[in-house]
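So that you can see what the record holds, here are the features copied from TrEMBL:
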type	residues	note
BINDING	Gly214, Ser215, Gly216, Lys217, Gly218, Thr219, Arg328, Asp373	ATP binding site
BINDING	Arg240, Gln262, Ile263, Val264, Gly290, Phe291, Pro292, Arg293, Gln297, Arg334, Arg345	ribonucleoside 5'-phosphate binding site
REGION	84-105	region 'Disordered'
REGION	234-264	region 'NMPbind'
REGION	327-337	region 'LID'
Amino acid sequence: MPSVSIGERITYSLTQFIIESHEIATMSFQRLVSRQLLKSNTRLVQGNGMAISRLQNSLAPSTQSLNKNLACYSTVNKKYTKAQKGVAGDKGTSGGSGGSGGGRGRMPTVPAILAVMSLVFSAFYMFKDSDKNKEMAKVQKDELEQEKEELIAMLKEQDKLEKESKDKTVSDKDGADTEGYVPGKIVSERFSQKEIDEFPFDKKTVVFVLGGPGSGKGTNSAYLVRDYGFVHLSAGDLLRAEQKREGSKVGELIAHYIKEGQIVPYEVTIGLLRDAMMDHKESDKFLIDGFPRSMEQKVAFENGVTNCKFVLYFECIEPILVERIMNRAKTSGRSDDNIDSLKKRFKVFQNESYPVVAEYLKYNKVCTVNCNDSVDKVYSNTKECLEKFK
Ligand SMILES: Nc1ncnc2c1ncn2[C@@H]1O[C@H](COP(=O)(O)OP(=O)(O)O)[C@@H](O)[C@H]1O
Ligand SMILES: O=c1ccn([C@@H]2O[C@H](COP(=O)(O)OP(=O)(O)O)[C@@H](O)[C@H]2O)c(=O)[nH]1
């Protein structure tokens, strides 16, 4: 009569446990994969595809080993079943609980346990990976949302700035406050809003003449008027004339800014330049000298009056400029032709005016005239520029 040892009983129970765990884990894994495939988008499916093949590869050795062991244990199982039957026969019964089928009576081994554990771990990581993919997709979505919001905010800010800049160029004849100008408004004391609106500024050719103090802007502009029929409008001259004009509301303000070498508020200067252009209805070519001296002035003039065709930029080294200004000081009677004001004007030119030249350089709208030379030579350089850009 075949006998069944305690060891064999324990082995049998463990085998059953492992087989059942294997089945449960396999079913869960299959259910998980099909759910993921259904739910996920293409990217996730690709990811899962890779995860599945990774999992299959990692399971292959364990599954092979499990199958080998199952085959090997079936021998022991048969022996055990026989023994069970023998015991039952002795008791006069047929078929026992142990005869529940050869497929179930198997013994576990360490590789089999490892196979199940590897299956469980793989399923766990599969879950984890799927969560990671979801997290990544969420992070990407959040980032896109944030970028979209930033872009919208930027566009709104740009719109606001443009609107403000346009508002600042509205003409308001009666809007001047006690200081003589309304910040943000370009006023005219001589022309009505209707006259301003009807004036064809955009049909006029405007050339800005820029350069450091004493670089020869005025001198060369005078020659260009003579030879090419331009109207020369010097912002500095217009300001000085307004400063002297009897009854001017901004005279004192201008005097202060000029002496300090600072830039007079653009509303005042653009108002004077615009009126001066309207005084020359018949002319279509303007040299605007010493303006714009800051980016603020440039933007306000472009929005409220017109764009320039190009810039004549007079470039000169500082020692020559000092020498010329100190010479001019002997006869000019200007409050700013002295060394203290000059130093301040150089600083303002570097910090506020040169950026305007740099901005136009970006658009190839600058012709640079080297003016470290005699009057004749510099004018000849100026004419070359004009021919190139006309
Ligand atoms: N190339 C030059 N060589 C010598 N002196 C010059 C030259 N160009 C201009 N000047 C003189 O230098 C001074 C400044 O010139 P100006 O045309 O008034 O400069 P800006 O208008 O740029 O301030 C004037 O006295 C002018 O006669
Ligand atoms: O658009 C302008 C032009 C001139 N100025 C003032 O006028 C002074 C003299 O300018 P101008 O062009 O007559 O002389 P430059 O310094 O170029 O020789 C400057 O220093 C500024 O104080 C100004 O405020 N805005």
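In case you wondered, yes, glycine gets a Cβ from its N, Cα and C as well.
Around Lys217 (ATP binding site), taking its Cβ as the centre, 24 other Cβ atoms fall within 10 Å, counting all chains. A straight line from the CA of Gly290 (ribonucleoside 5'-phosphate binding site) to the CA of Lys217 (ATP binding site) spans 7 Å. For the binding-site residues given as Gly214, Gly216, Gly218, Gly290, Pro292, the lowest number of other CB atoms within 10 Å of the residue's CB is seen at Gly218. Filtering Ile263, Gly290, Arg328, Arg345 by Cβ distance to ligand 2 (under 6 A) retains the following binding-site residues: Ile263, Gly290, Arg345. In the region 'NMPbind' (234-264), the DSSP tally of helix, strand and coil residues is 19 helix, 1 strand, 11 coil. Among the binding-site residues Gly214, Ile263, Arg345, the residues whose Cβ sits under 6 Å from any atom of ligand 1 are Gly214.
Cα spacing between Pro292 (ribonucleoside 5'-phosphate binding site) and Lys217 (ATP binding site): 13 Å, rounded to the nearest whole number. Looking only at the binding-site residues Arg240, Arg328, Arg345, the densest Cβ neighbourhood within 10 Å occurs at Arg345. Using a Cβ-Cβ cut-off under 8 Å and counting only residues 6 or more beyond its ends in the same chain, the region 'LID' (327-337) has close neighbours at 213-214, 240, 255, 258-259, 261, 345.
Non-local contacts of Ser215 (ATP binding site) by the CB criterion (under 8 A, 6+ apart in sequence, same chain) comprise Phe314, Glu315, Cys316, Leu321, Cys371. Secondary structure of the region 'LID' (327-337) per DSSP (helix as H, G, I; strand as E, B; remaining residues coil): 6 helix, 0 strand, 5 coil.
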